[in-house]
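In what follows, a single structure is set out as structure tokens and then discussed.
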Amino acid sequence: MPGMVLFGRRWAIASDDLVFPGFFELVVRVLWWIGILTLYLMHRGKLDCAGGALLSSYLIVLMILLAVVICTVSAIMCVSMRGTICNPGPRKSMSKLLYIRLALFFPEMVWASLGAAWVADGVQCDRTVVNGIIATVVVSWIIIAATVVSIIIVFDPLGGKMAPYSSAGPSHLDSHDSSQLLNGLKTAATSVWETRIKLLCCCIGKDDHTRVAFSSTAELFSTYFSDTDLVPSDIAAGLALLHQQQDNIRNNQEPAQVVCHAPGSSQEADLDAELENCHHYMQFAAAAYGWPLYIYRNPLTGLCRIGGDCCRSRTTDYDLVGGDQLNCHFGSILHTTGLQYRDFIHVSFHDKVYELPFLVALDHRKESVVVAVRGTMSLQDVLTDLSAESEVLDVECEVQDRLAHKGISQAARYVYQRLINDGILSQAFSIAPEYRLVIVGHSLGGGAAALLATMLRAAYPQVRCYAFSPPRGLWSKALQEYSQSFIVSLVLGKDVIPRLSVTNLEDLKRRILRVVAHCNKPKYKILLHGLWYELFGGNPNNLPTELDGGDQEVLTQPLLGEQSLLTRWSPAYSFSSDSPLDSSPKYPPLYPPGRIIHLQEEGASGRFGCCSAAHYSAKWSHEAEFSKILIGPKMLTDHMPDILMRALDSVVSDRAACVSCPAQGVSSVDVA
């Protein structure tokens, strides 16, 4: 950090990123040099054949060339190990070394070509020597090809626009010019991100919704990354440091922060009842994912169980529309929910941007009409997730501030129109008019379910919603408070999605910058220690030491790079640890739905939960407990529906077996 400037443009790699690539190349080159030297010493007496003098010269020059490359790579590696992320001064000679290293590729290419030509001419020498030359040529071209691929990966399309301003500084541009430059860079960045997203989603149909989602997602990414000059390894190092810092804070505060109390019997009974409901309705939320999740959960027997359903002809007992392998999907739904064919009213696997698959079924056990909305499982769903602007939710309620996540709001509106306009709910309640309406979903489906329940509440006042691992950035604070009477959310452990919002991502970015600015260890040590800590654990107190107090001014400065300099010129920018997060009108603070049940793992079950059965406690939690993203190896796995289902199985069975335990689930630990 910042990205290096070479050949007049910025690259998405920093001068301290070359330790590990350099070490890998150094090992390959040294082994290669030893092999060539051994080959030459053992067979130099057998090179008196036709063309042998050329091969002898080839091997000698190759060894000299390899020795020069080894020395250059060693120097690059040593220089890259100097300094810290925020102190690139000791690495100022890196650009010259890289120019030398790149220049050495030309004689390597020439020599590899000559070796290939000589071998192709049919040199009549010892076969071992010829095979050694062939191996040398192959290795040379593999390294050259790998270098070309690496250059493509670290190429920054905006590098040519940003590099000229790295030496100009703010003193060379007035506020008007700097504002124009910033707007120009942001426009270019949005265009680049939109091109990337279109390439990634090249197989998605291009309708109006998709084009809007492309633009919305591109603007989100360009806005988020516009005020820093972070390279990917900086983010990885920051996340590693932040994880250790969070664990250290939790360990130090735990004795003072644990508050044990005996809640009222009504509160505990309510928690037990809602946990049982969550345990029951999670089956429907999982069923909405269809056969992929079912096979994933049952890798050995799943395919055999639903194989017959895949080949079975459809019946007329239910509507089954959209998507492929519909009978496979429906077979997995039957096995997951335990319902019969006649219990399903409508099953849709139609999947487009802002249009989510869903199912409607009659649940006779709970006497409810269940609407289950599928979560993220396709690129179309990802684009729906990333359409993070806010729009006013069109609902009939007394709440004034009705802002909601645009993508999820439109997805919920689509399901609402299908349920009402196509008469799906009317059909369901004509069969079971005494049943109540329950809407469920996981992840994106959980957010859509919460919005859908709010839209339907005017027509169905008794509606209930169970949102499993819903995104935090769903709707306004007023709607969050309004929804607590009919929506329950369930969150497992450090799951990142219920903590994910644009505001929280901005907070995470600032915390990463802050912890990186404090650290006085080189990046390669941070990454090595972080990898060890993630895999095997350790003592989080062994954090890299911090900068002296006199260097605290680093925290009030944007980290290096032209875009950071541009934001520094803006009077609206503040990097102070005490400054509030900026709230853009397009991305205001948004909150999770309803009341929240938090499942937390008790004891240790291995770093990834695979060493022994985990046990969980459950408690009601305030939404503020999910106002920061927590880093850890389970922040992604805790979001998986199969992991959540196992956690629910565990906590429900444990609470049922411990009805006489008054302290069940009453501990609360707040982690800053």
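Please read every residue number as a count from 1 along the shown chain.
Yeah, the Cβs are placed from backbone N, Cα and C, and that goes for glycine too.
These features come from Swiss-Prot:
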- 1-17: topological domain 'Cytoplasmic' (TOPO_DOM)
- 18-38: transmembrane segment (TRANSMEM)
- 39-58: topological domain 'Extracellular' (TOPO_DOM)
- 59-79: transmembrane segment (TRANSMEM)
- 80-102: topological domain 'Cytoplasmic' (TOPO_DOM)
- 103-123: transmembrane segment (TRANSMEM)
- 124-132: topological domain 'Extracellular' (TOPO_DOM)
- 133-153: transmembrane segment (TRANSMEM)
- 154-672: topological domain 'Cytoplasmic' (TOPO_DOM)
- Ser443: active site, charge relay system (ACT_SITE)
- Asp495: active site, charge relay system (ACT_SITE)
- Ser570: phosphoserine (MOD_RES)
- Ser574: phosphoserine (MOD_RES)
- Ser579: phosphoserine (MOD_RES)
- Ser583: phosphoserine (MOD_RES)
- Ser584: phosphoserine (MOD_RES)
Alpha-carbon distance [Ser443 (active site, charge relay system); Asp495 (active site, charge relay system)] in Å: 10
Secondary structure at Asp495 (active site, charge relay system), reduced by DSSP to three states: coil
Long-range environment of the transmembrane segment (103-123) - Cβ separation under 8 angstroms, sequence gap at least 6: 49-52, 54-55, 58, 61-62, 65, 68-69, 72, 130, 133-134, 136-137, 140-141, 143-144, 147
Asp495 (active site, charge relay system): tally of other CB atoms within 10 A of its CB: 26
Structural state census, the topological domain 'Cytoplasmic' (1-17) (DSSP three-state): 0 helix, 10 strand, 7 coil
Those residues of the chain, 6+ apart, with a Cβ under 8 Å from that of Ser443 (active site, charge relay system): Gly375, Thr376, Phe468, Ser469, Pro470, Pro471, Ile497, His639, Pro641
Helix, strand and coil residues within the topological domain 'Cytoplasmic' (80-102) as assigned by DSSP: 13 helix, 2 strand, 8 coil
DSSP-assigned states of the topological domain 'Extracellular' (124-132) in counts, ordered helix, strand, coil: 6 helix, 0 strand, 3 coil
